[in-house]
Amino acid sequence: RSHLNAWSVERPLLGAVDLEATKKLHLGEKPFKCMVCGKTITQSSGLRRHKKIHSGEKPFKCMECGKTFALSSGLRNHKKIHIGEKPYKCMECGKTFAVKHNLISHKMIHTGEKPFKCIECGKTFTHGSGLRRHKKLHTGEKPYE
């Protein structure tokens, strides 16, 4: 039985839209593209959420410290800082993280992976933040404003 046919048999309760999104997710298809940064995303709802990052809209506020977030997941992850929860541990060096994505990003330090590349000069970076800071050198913007 083919991979795609398995979805219709094993997941009969999903609606047609959910089924298509699930197929795209598992096949790695990302048909929705952010026109600002070029990031591709599996679902239109994910693209709508992603766009908040660029618009500056941050409707989710931490009641503990007042920090605001574009996404509810950002607030949820942030709250772990206040309670000291760090369930994600690097097996290489033992460093712990509150957010899984931060562990994944951290692991690139050990592997030497630098997936973020400057299109102006070709310099590569481990983290997107390093590339964003670097790009300011090309635009003449001050890097720490």
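Cβ coordinates are placed from backbone N, Cα and C, and glycine is handled just like the others.
Caution: TrEMBL annotation is automatic and unverified by curators.
According to TrEMBL, the domain 'C2H2-type' annotation covers 32-59 (among others). Taking the domain 'C2H2-type' (32-59) as a whole, pLDDT averages 84 in the prediction.
Sequence-remote contacts of a segment are chain residues at least 6 beyond its ends whose Cβ falls under 8 Å from one of its Cβ atoms, and for the domain 'C2H2-type' (60-87) they are 49, 52-53, 96-99, 101. Positions annotated as domain 'C2H2-type' by TrEMBL: 60-87 (among others).
The domain 'C2H2-type' annotation in TrEMBL covers 88-115 (among others). The list of residues near the domain 'C2H2-type' (88-115) in space but at least 6 beyond its ends in sequence, with Cβ under 8 angstroms from a Cβ of it, reads 77, 80-81, 124-127.
Outside the domain 'C2H2-type' (116-143), and at least 6 residues removed from its termini, the chain residues within Cβ reach (under 8 Å) are 105, 108-109. According to TrEMBL, the domain 'C2H2-type' annotation covers 116-143 (among others).
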Key: Composition by DSSP (helix, strand, coil) of residues within the domain 'C2H2-type' (60-87)   = 12 helix, 4 strand, 12 coil
